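Shown next, in structure tokens, is the structure this report addresses.
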Amino acid sequence: MKTLWKHCHIASMAHGKYSIIEDAAIVTSGALIEWIGPQAELAEPEHDNCIDLGGAWVTPGLIDCHTHTVFGGNRSGEFEQRLQGVSYAEIAAAGGGIASTVRATRAASEDELYASAERRLRHLLKDGVTTVEMKSGYGLDLENERKILRVIRRLGNTQPVTVRATCLAAHALPPEYADRADDFINHICNEMLPALAAEGLVDAVDAFCEYLAFSPEQVERVFITAGQLALPVKLHAEQLSSLGGSSLAARYNALSADHLEFMTEDDAIAMAAAGTVAVLLPGAFYFLRETQLPPMDALRKHGVPIAISTDLNPGTSPGLSLRLMLNMACTLFRMTPEEALAGVTFNAAKALGMSATHGSLEVGKVADFVAWNIERPADLGYWLGGDLDKRIVRHGVESSI
């Protein structure tokens, strides 16, 4: 079915810029964009349906390219403890921190995990998100990593959103592998990843390269295994220290390296050469009250694509609004509204290996877009919270969230 969407202004985000088209129209054919441009240039169209967007600003559907949406339990109690003066070390010694999320996730059924994740996902969808990445990493054994990834696939099959599943088994050491990191990496490479990939549950492989997680040498073994399984890689890197993880990611042509507060200019040069996207996570920066800013000047100087994401997770970024992250990126990292919007559209699609089909409004791409009742595109990163008036279109069909 062909639909004409008329009477709008468009920030198409082609090439990562606003690429504004005033007084515009879009023609969709099924799930794809067939024509886009100034309405005055549109020949008398043949269409089955005509929708007047009432002068709205249209952007690509937002893409949340780094989330940990599926988990059991809730760590708001720890949040309260920390603000009462209890240290993270004390919380961890008492069984809190990531260990508590692993226990809760292992104890939860697949249906329970689905129900809680679906509630969180709904908040993102109401914010204009049409594509989301979700990671495993709170199971840390084959049975429970499989359970999380099955929930992720189920969410993608039942909710009005495109979902990419990332296996983050190399997230932390499970209790049964305490002080045996190399053995756990062997287990991931020899058993977990091959089994999960064979079941079709994995779109990409991630790891956490940090002094409190896994070394670059251990991460490299995970990357080698991912390559043997023909799976692209991503990496949590340089969040708390500089270990060269982002350069390692670049050597393996990673889709993205994420966090990056402690990355160096040499890391930026390597990422630019590899086309690896820098995914910045202002929610975690804010929630942890970090002070080391990502090296924005180096990223810009060397042309590293920059994406923004919620990092939705129970411990360090319980963020349910991607639009709020736009404001945080502008305010905390001094990104421009145009850069920030590119970070949740054009560059976010790159970070998921989806730039051929998603991330900008161009002929032949998937017709995922949002018609916002705003005065200008910068409004998306300006307003703090709230539910902006909008119409969400996914695969050429208006979606009711």
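Here the Cβ of each residue, glycine as well, is placed from N, Cα and C on the backbone.
Note that this is a predicted model, so its numbers are computed, not measured.
Taking the Cβ of His66 (Fe(3+) binding site) as reference, residues of its chain lying under 8 Å away and at least six apart in sequence are, in sequence order, Glu133, Lys135, Ser256, Asp258, Val279, Leu281, Ala307, Ser309, Thr310, Asp311, Ala351. Annotated Fe(3+) binding site per Swiss-Prot: His66, His68, His236, Asp311, in sequence order.
Classification of His236 (Fe(3+) binding site) by DSSP places it within a strand. The Zn(2+) binding site annotation in Swiss-Prot covers His66, His68, His236, Asp311, and the record cites sequence analysis as its basis.
Listed in sequence order, Ala284, Phe287, Leu288 are the same-chain residues six or more apart from Thr316 (4-imidazolone-5-propanoate binding site) with CB atoms under 8 A from its CB. In the three-state DSSP assignment, the secondary structure recorded for Thr316 (4-imidazolone-5-propanoate binding site) is coil. Under the heading 4-imidazolone-5-propanoate binding site, Swiss-Prot lists Arg75, Tyr138, His171, Gln239, Thr316.
Using a 10 Å radius centred on the Cβ of Gly315 (N-formimidoyl-L-glutamate binding site) and all shown protein chains, the other Cβ atoms total 20. Feature annotation from Swiss-Prot assigns N-formimidoyl-L-glutamate binding site to Tyr138, Asn313, Gly315.
If you take the CA of His236 (Fe(3+) binding site) and look 10 A around it, the binding-site residues you hit from His171, Asn313, Gly315 are His171. Spatially close to Arg75 (4-imidazolone-5-propanoate binding site) yet at least six residues away along the chain are Gly96, Ser100, Thr101, Pro314, Gly315, Pro318, judged by Cβ distances under 8 angstroms. Closest to His68 (Fe(3+) binding site) in space, going by CA atoms and restricting to the binding-site residues Tyr138, Gln239, Asn313, is Asn313. Ranking the binding-site residues His68, His171, His236 by how many other Cβ atoms lie within 10 angstroms of each Cβ puts His171 at the bottom.
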